[in-house]
Amino acid sequence: MHPAISVIFFTVTSGAGFGLIALTGLGFPFGGGALSVFLFCLLGGGLAVAGLIASTFHLGHPERAWRAFSQWRSSWLSREGVAAVATLSLFAIYALIWMMTGDRLLWLGLIVAAGAAYTVFATSMIYAQLKTVPQWRSRWTPAVYLAFSLASGWLLAAGFGDLPGAGIWGAVLLALAWGIKLMWWRRAADARLAGSASSPESATGLGFIGKVRLLERPHTGANYLTREMVHQIGRKHAGILRRLAVLFGAIVPLMVSATVWLTAAPEWVLLAAALSLFAGLFAERWLFFAEAEHSVSLYYGNR
Amino acid sequence: MTCLPTSTEKRLGLVIDLDTCVGCHACVVNCKEWNTGGYGAPLADIDAYGEEPSGAWLNRVHTFEVTPVAAPAQIVHFPKSCLHCDDAPCVTVCPTGASYKRSEDGIVLVDEDMCIGCGLCAWACPYGAREMDPVAKVMKKCTLCVDRIYNEEIPEIDRIPACVRTCPSSARHFGDFNDPESNVSILTMARGGYDLMPEMATRPVNKYLPPRPKTNPAAQGCASHSTPTVSAPGGFLGWLDAALERLG
Ligand code: SF4
Ligand code: SF4
């Protein structure tokens, strides 16, 4: 699949934003005054909103994006939109009350946290629902999105907040997320299109005669389908990108977290871990798209 | 509304005969011609006469080579357009309600004024039946020529999809699959019409008719299809053959 930068940016950024929002709603300790509460909440909301805005860049008609709120009964994309806006609105109320009165309403915070988790889950289901992309269609896909959202949100919350020992928990959450991602990668290696129930034979129904091979594409040039779904250029550097993802997404932030914990360095150093994790997640998401194989490739002589 | 109807009154669709299709692409061209002036935005092309032409088409003909275990390979031309699936995944994923399946005749359509061009429906279709228009930036797909089949302004003979109307080898047939007496139901029964990628559980309406079995040279007494043996000719050629044999 074609890795669209706007969609990669969206899943990484709004994932972190909603992770931070969820942790705030759950009462992550934060000691500053009204202004720092404002800036802290603005960071969570801002990341989530920035991601959502970026996601409209890949639309043909961004000015009609509001229409996407209507089909929540059948569409995960619509559910994601509805959940995102509802969560952000409630979070704004939560933040306002917190700033004005200093009170953090637990019940409202819990609803916000649940909404944020559901939003990230809905994002992941946009991909996990697709039968056409066997590597995505797995329970591990929502697990990966949720785990990375929590880990990146935690590193941000820990960097700004006041939770002693938050660094070690950041390391634990990060290790957990990468454990899940390794399971996802292992499963994806076994869930190639070539090993699925679909083949050039099932795509054409001609398997009863013999082995099927594409002789000629319908047109000599590329088309929307070959650019979007039979995309292969993005896979060229898969090996190095995977190493970069692990280096910046796992090794560097784990070392930073461990150092903060062991040396009692100030917690804001954890923000360096968060930034490094973002870089790693960009590589991880790029591969999520670029390495995914769509069944339409079978009609174009590729996998 | 992107929830699917539980059943539709008619199930209009196509039967595509892989035995008779000669791969002339006439259906592709006539589809483009009709749909660039009919329903919705024109089907655009980018760089049509330049180095890298590319555009939106609703129907494309692929060509496959099929190699049996013990016979020569054969060529099958394979036209493909939207199959108007009963369980259309492209419809349920659509966030806006632009994609829908009509309860009266089962045709799957896009309301182009509502489409935001997110492309998710094209990702959900296993067959590559949807293409984004490069200029209008909305999703295009086969409409089963909804603006022809009910059109009382055109002669009755033309009230079938453009691809069916134009096919010179009658490889495409149009009708109602809910009617057991229709041409498409009878053809499907008689020729063993099948679904593409049944494992995707989309329950396509369109059916494909398999190529009829080829005469197998091996079964006709030839030793092998790769090294054909020539039986000794008679008459003048036989005399010449024998004479040259003696000289050589
Ligand atoms: S062929 Fe593709 S576009 Fe057409 S109804 Fe089926 S899934 Fe949808
Ligand atoms: S591209 Fe248009 S028709 Fe397709 S899912 Fe998006 S809004 Fe719906």
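One-based numbering along the chain as shown.
Quick reminder: no glycine exception, Cβ is built from N, Cα and C everywhere.
TrEMBL does not curate its annotations; it predicts them automatically.
Taken from TrEMBL, the feature transmembrane segment applies to A:7-28, A:34-60, A:81-100, A:106-128, A:140-160, A:166-184, A:244-262, A:268-288.
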Problem - Which of A:7-28, A:34-60, A:140-160, A:166-184, A:244-262 contacts the transmembrane segment (A:268-288) most, counting Cβ pairs under 8 Å - result: A:244-262
Practice task
Using Cβ atoms only, state whether the transmembrane segment (A:34-60) and the transmembrane segment (A:166-184) have three or more pairs under 8 Å that are 6 or more apart in sequence.
Solution key: no
Problem - Contacting positions for the transmembrane segment (A:106-128) when only residues 6+ beyond its ends and CB under 8 Å are counted - result: 11, 14-15, 18-19, 21-27, 76-77, 79-80, 83-84, 86-87, 90-91, 93-94, 97, 136-139, 141-142, 144-146, 149, 288
